[in-house]
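Chemist: Got a structure for you, questions after.
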Amino acid sequence: MADTFTEGSPVYGPFFGVMGAASAIIFSSLGAAYGTAKSGTGIAAMSVMRPELIMKCIIPVVMAGIIAIYGLVISVLIVSNITEPPSYTLYKGFLHLGAGLAVGFSGLAAGFAIGIAGDAGVRGTAQQPRLFVGMILILIFAEVLGLYGLIVAIYLYAK
Amino acid sequence: MEPQLSTFSTILAYSIFIIASPIATFFVTKFFFFEGLLGVSSTGANIWSAVMAVVMLHIAMGLYIYRAYFEAERVKPEKVD
């Protein structure tokens with residue numbers, strides 16, 4: 001077994017792929033958790049006075065949850081492709097690490113943006129309901145940042 | 001129905017839909033459509049199923065935003081003093 005290892009497919013090759021799968025879900029969950037918690041405090045503060053707006057203001061939480069699903073998708077894709085070292089080249093490991101980091105850190109950034117913009121957005125919507133459309137647009141642009149990372153990650157994975 | 005209960009059941013239904021529909025789409029399109037009908041290789045089927053799952057996710061979220069946008073238009077706050 002050991003003599004089949006080559007320079008292009010060493011025994012530590014899957015390490016990079018596994019780290020890619022782990023970082024994809026870790027960092028995007030970190031971003032989603034921050035987005036959920038930060039906008040959740042905003043929802044809790046504003047729904048004391050305007051409980052009928054809760055359904056509108058859950059949207060930042062839903063969008064933060066979607067960030068974590070991006071990371072989950074890439075993580076599952078990478079894990080389904082990791083095999084024993086001689087058939088798993090180092091090149092593939094690097095690609096998988098890059099895919100995981102791409103979606104992970106984009107998700108982290110998008111989650112931060114959703115959290116901060118969602119917190120201020122739901123507090124503002126409680127006082128001026130016409131702000132709602134603006135909040136949705138800002139949240140969509142924040143969430144698209146995570147989607148860009150997902151696109152790059154799928155492109156890297158498919159290489 | 002009480003407004004509180006109807007809001008809760010609506011949000012619960014949409015939450016389950018948003019969480020479950022991409023996962024269901026991934027596995028259904030992977031095993032029945034891409035690998036079963038079209039005979040794509042496993043890697044290709046994975047990638048296209050993931051793309052389909054993400055598209056489905058955005059459709060589900062769009063439905064929720066649409067519903068939330070027009071829901072609150074109808075429900076006027078009742079002033080109780």
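Quick reminder: no glycine exception, Cβ is built from N, Cα and C everywhere.
Pasting the relevant annotations from TrEMBL:
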- A:12-37: transmembrane segment (TRANSMEM)
- A:19-78: domain 'V-ATPase proteolipid subunit C-like' (DOMAIN)
- A:58-82: transmembrane segment (TRANSMEM)
- A:94-119: transmembrane segment (TRANSMEM)
- A:97-156: domain 'V-ATPase proteolipid subunit C-like' (DOMAIN)
- A:131-158: transmembrane segment (TRANSMEM)
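Provide an account of the burial state, proximal residues and distances for the features listed.
Modeler: For the transmembrane segment (A:12-37), the residues of the chain that approach it from at least six positions outside its boundaries are 60-61, 63-65, 67-68, 70-72, 74-75, 78-79, 81-85, 88-90, 92-94, 96-101, 103-115, 118, 146, 153, judged by C-beta separation under 8 angstroms.
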Chemist: With a Cβ cut-off under 8 Å, give me the same-chain residues at least six positions beyond the ends of the transmembrane segment (A:58-82) that come close to it.
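Modeler: Distant contacts of the transmembrane segment (A:58-82): 14, 17-18, 20-22, 24-29, 31-36, 39-40, 42-43, 88, 92, 96, 99-100, 103-104, 107, 110-111, 114-115, 117-119, 121-122, 135-136, 139-140, 142-143, 146-147, 149-150, 153-154, 157.
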Chemist: When the domain 'V-ATPase proteolipid subunit C-like' (A:19-78) is classified with DSSP, how many of its residues are helical, how many are strand and how many are coil?
Modeler: 55 helix, 0 strand, 5 coil
Chemist: Six or more residues beyond either end and a Cβ under 8 Å away: which residues meet both conditions relative to the transmembrane segment (A:94-119)?
Modeler: 16-17, 19-39, 41-42, 59-61, 63-64, 67-68, 70-71, 74-75, 77-78, 81-82, 135, 138-139, 142-146, 148-150, 152-154, 156-157, 159
Chemist: With helix taken as DSSP H, G or I, strand as E or B and everything else coil, how many residues of the domain 'V-ATPase proteolipid subunit C-like' (A:97-156) land in each class?
Modeler: 57 helix, 0 strand, 3 coil
